């Protein structure tokens, strides 16, 4: 599962417990639930599942789970002890989470939240959880006096890990606290807890693309460990059955049409086992609702995203740096309970993080499926009336064609996208939006299929009105592969604007359409692309973010090799390579200013793979004989 678009963290199975604010920090007893008529074992299970916050929440949980087949199963919760930062350090870490995902896409660290793990996950019987909280309080009391006022954090980086290490005597005190908790938990709750004895660390990024390491390091240096911080020890619980499941969060409501389907409410969490989807047909999945515990089918067309952790109030404050206490801060604490601090987003500090990265990238994308690719060279005859009007003979033909000066005949050598090509383009745009990539300028071949692809990508990125497409004939297809012995008849900028394409009329291309040579040589083609790409890159500011180039399959080679300072490919190898490039195929180049080089790196989104769908004539479907 991946983190939400707003940078929040995943895994709803992790939930903080709840402490009473009076007396010896004891947990909510099961008495009120027993008084409502619930059996003791299910009452205790409900309290454990809801973090022992209130009897009302536990009762609501039981009502929702009235049809849960596992309600009476003696399955205990799993627990882990984390040391979590608060205050301004947490705010800086939150900004790092958001920026690292936006600039470098998702990594494994985005599935959790900033914390230092103090012990492995362990089980605790529901009736002994109250004793577990008492064990936490006793362990905290033992080390409270020796807990350091500030925990020194040292940045550590490798090809697959980035995080802060805790060293020296503060690490020893924290380990002493973890050992004390393990001892108390064994005595009071009969739990076997394995405290962390390895290097204590706070993970910033994990299992990321190697080429993102430098960017992540620069972002991490903007997080100063010396920021004001109050560390809090918190017990988190999870349902051990769903540890290896994918966690989804429903964004829309769905009302079941059949008895074996799940009801989905916005914000509801669904657990999906990727290994148990054989029964699900295309477009559907089988999952278990966290809200009801019921299993059923859910539509994959219902958009989902990984869930966030809801900040709970069960924390055990270990220390406060007195130098950072402000007036009124005491009101944020009540009888040992730490309330969630306000988390304003600092615009200035976010801009500082963005300014720390001045790296340009170039994303070269092939256009979507063209209509003649499916219906052949005679496609125009299939969709034209005798008087030259367009009609749609198949659903994979576009709904309409834009107006052009030479009429419908002009599309013969400048075909549009098919309906599937439009879908491919929008899917790629949606994936780019989810990846968090920052597109700041768009260049496109003047071929209609390329302009359409760029338009649909920008629409999914919500940038269709903010970014004007710059039409660059210099990245047009190798004209030797185009039919005809004259300059291609392409739509003018005025025609494109009239057809509602947001193209720039101020951009001066490296090669105007009139400069395109019919049946040019291979050397002339690669030279044209090299000159065009050089102008495209030089016309964008040094901190331009991602430059999107929408062209033809050949552009993935001819528009990237000049950046990489590689000589042109052999012509025969080039032709063989281009034939293998699918619709919306991508190549991604990233600039390393320190070394003065460009490198070919993994694109920000996955490839789009799908099968064919042949034509069907209902007249051939004759029942009977």
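Backbone N, Cα and C atoms are what each Cβ position is placed from, and that goes for glycine too.
Any TrEMBL annotation is an automated prediction that lacks curation.
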317-345, 346-374, 375-403, 404-432 - the range that TrEMBL marks as region 'Disordered': 317-345
Structural state census, the domain 'SH3' (243-308) (DSSP three-state): 0 helix, 25 strand, 41 coil
Rounded mean pLDDT for the residues that make up the domain 'UBA' (33-65): 68
